[in-house]
Amino acid sequence: MNGLAGTGPLLRLALRRDRVLLPVTGLLLVAFAGGSASATRSLYTDPAGAVAAARAANASPAVVGMYGPLADPANPDSVGALKTLMLGAVLLAVLAVVLVRRHTRLEEESGRTELLGATVVGRRAPLAAAVVLASAAVVVVSLLAGLSMAAAGLGLRGSLAFGAAWAAAGLAVVGVTAVAAQVAATARGCAGLAYGALGAAYLLRAVGDTSSASWLTWLSPLGWTERMEVYGADRFVVALLGPACLVVLVAVALLERRDLGAGLVATRPGPARGAASLGSPLALAWRLQRGLLLGWLVGYAVLGLVLGAVAGSVGSFVTDDSITQMLARLGGSTSTLVDLFVSTELHFLAVGAAAYGIAAALRLRSEEGDLHTEQVLATAATRRAQLGAHALVALGGSALLMLVVGAALGATAGGQYGGVAAALAHLLPAALSPVPAVWVCVGLALAVYGALPTVVVAAWGLLAAFLVLGELGPLFALPQALVDLSPFVHGTVAPGADVDGRPLLALAAVVVALLAAALASFRRRDLVTG
């Protein structure tokens, strides 16, 4: 039988399963690109102001490290792509990871691939369908994003190069995730490898952009987005690096060398008997989730140390007031340039902590689908204890992430505030202030799981909507009532600012209500498998 037999039907099945995820996520990314470009560009009615802002951005190591350099600061259009080029490429890469993992390793882990294998479906068909779907999604979203930039008033050639830059990074990550699906034996292992590679790519690009080792940028798929020189030379040939990578062929070769359901790296067998410490749902939840939390903690600690070091050197690199004005427009308003930078990055880090919290909370869904929850509830454990255990890990872990990143920021930015102790006192309240907003996102995920476990993916859509509202709301001058739907606009304070406890208490009350609703729904419904 042909190894690709059945690819078409599998592709149609995947499209049906993702009929909500793909259009919603794609439209959000397109709106992010075009909307942010239009709103940012509208801030500079004079082309000379846009050119000054672009040059100021390239003069700041902090901005270059986070978003990459602008290819041609003399082109007024370039400032419109400052935030969207790199951040959008990362978000599109995340979508690629989700799609490939969902239709390869996750299907295998659930046993559905084995069932399909009993029909007229070739060995390579599931991988081929996943790669085709993810690649098509990347290309379509990238093209629409580029056209949205052109519709916002930016140059057509540069806008098409913008879309090609997104596509180059996204297609490369499609291949990397396909390989990760062959190496890892579990869906979580696949996600860990793929996201780890994405994080390494971002770090390589940042180091290459802010040091003399500029060659490191070429080693990163995210660096290829820069080498396109969008709204500059528009080097379309660099986009060929994405699809030209033979990573997908490597994935196919690895597929032929492993058994169905296994990975190239075999999972270590567990002990014959469980430890006495696993005698409660909380202990079991911690055992299941500690690896994920540890990985996030290490990543946040490293990010905090790096950002603190960059923030501590911002003042020594910057002498132009236009940089301060630009950061204020993009990230809010605080009293100093360092505080502007830290406040902007803490906003994104809080969204990341919410993503961790949602992932940890939705571990309940996979445990239920794999019949593990049924086995736990067959003991003396109650549904309240089962849900509460994972909720505690998700809530506590997300708060710990913000505490760690705040402490790491203070440890390396101490010179900017007169010592580490003063830096911690200045930065920790700002780092912890988004925690209630993060908890609202976790509470929403738990509420969706408790009531409608088959549509828990909606929790990720809500997080994406909150991010878009927080990013584009002020730039688009959206109605305040709409912007206020995002929990991240409530209670968050800038470094050194006074903390207003009222919005924080209001968010805490919302969290309690969501947890109560999640528990009530979970206790009333039947368990859902698969």
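All residue numbers here begin at 1 and follow the chain in the order shown.
Glycine is no exception: its Cβ is also placed from the backbone N, Cα and C atoms.
All TrEMBL annotations are machine predictions without curation.
Annotation comment: TrEMBL describes 20-39 (among others) as transmembrane segment.
For the transmembrane segment (80-100), the residues of the chain that approach it from at least six positions outside its boundaries are 18, 21, 25, 29, 32-33, 36-38, 40-41, 50, 54, 57, 63, 66-68, 70, 130-131, 133-134, 137-138, 141-142, 145, 149, 152, 154, 158, 162, 165-166, 169-171, 173-174, 177-178, 181, 191, 194-195, 198, 202, 205, 221-222, 225-226, 230-231, 330, 471, judged by C-beta separation under 8 angstroms. The transmembrane segment annotation in TrEMBL covers 80-100 (among others).
Residues or ranges marked as transmembrane segment by TrEMBL: 127-154 (among others).
According to TrEMBL, the transmembrane segment annotation covers 160-181 (among others).
Annotated transmembrane segment per TrEMBL: 193-216 (among others), in sequence order.
For the transmembrane segment (236-255), the list of distant contacts is 123-124, 127, 131, 135, 160-161, 164-165, 167-172, 174-176, 178-179, 181-183, 221, 224, 227-228, 264: same-chain residues at least six beyond its ends, Cβ to Cβ under 8 Å. According to TrEMBL, the transmembrane segment annotation covers 236-255 (among others).
The transmembrane segment annotation in TrEMBL covers 293-318 (among others).
Long-range contacts of the transmembrane segment (346-366) within its own chain (CB-CB distance under 8 A, at least 6 residues past either end) are made by residues 285, 288-289, 292-293, 296, 300, 303, 331-332, 373, 386-387, 390-391, 393-395, 397-399, 401-402, 405-406, 430-431, 434-435, 437-439, 441-442, 445-446, 449, 453, 456, 459-460, 463, 466-467, 470, 488, 492. Per TrEMBL, transmembrane segment is recorded for 346-366 (among others).
Look at TrEMBL and you will find 387-411 (among others) tagged as transmembrane segment.
What TrEMBL records for 431-452 (among others) is transmembrane segment.
Annotation comment: TrEMBL describes 459-483 (among others) as transmembrane segment.
If you look up TrEMBL, you'll see 503-522 (among others) marked as transmembrane segment.
Here the transmembrane segment (127-154) has long-range neighbours at 4, 7, 10-11, 13-15, 18, 22, 26, 29-31, 33-35, 37-38, 41, 77, 80-81, 84, 88, 92, 95-96, 99-100, 102-104, 160-164, 166-167, 170-171, 174-175, 177-178, 181, 231, 243, 248, 251-252, 255, meaning same-chain residues at least 6 beyond its ends whose C-beta is under 8 angstroms from one of its own. Counted over residue pairs 6 or more apart, the CB atoms of the transmembrane segment (20-39) and the transmembrane segment (459-483) come under 8 Å in at least three pairs, which marks the two as touching. Packing against the transmembrane segment (459-483) from elsewhere in the chain are residues 21, 24-25, 28, 31-32, 35-36, 39-40, 43, 83, 347, 351, 354-355, 358, 361-362, 441, 444-445, 448-449, 489: each is 6 or more residues past its ends and has a CB under 8 Å from a CB in it.
Long-range Cβ contacts of the transmembrane segment (160-181) within its own chain (Cβ-Cβ under 8 Å, at least 6 residues beyond either end) map to 33, 81, 84-85, 88-90, 92-93, 95-97, 99-101, 104-105, 127, 130-131, 134-135, 138-139, 141-147, 149-150, 189-191, 193-194, 197-198, 221-222, 224-226, 228-231, 234-236, 238-243, 245, 247-248, 250-251, 254.
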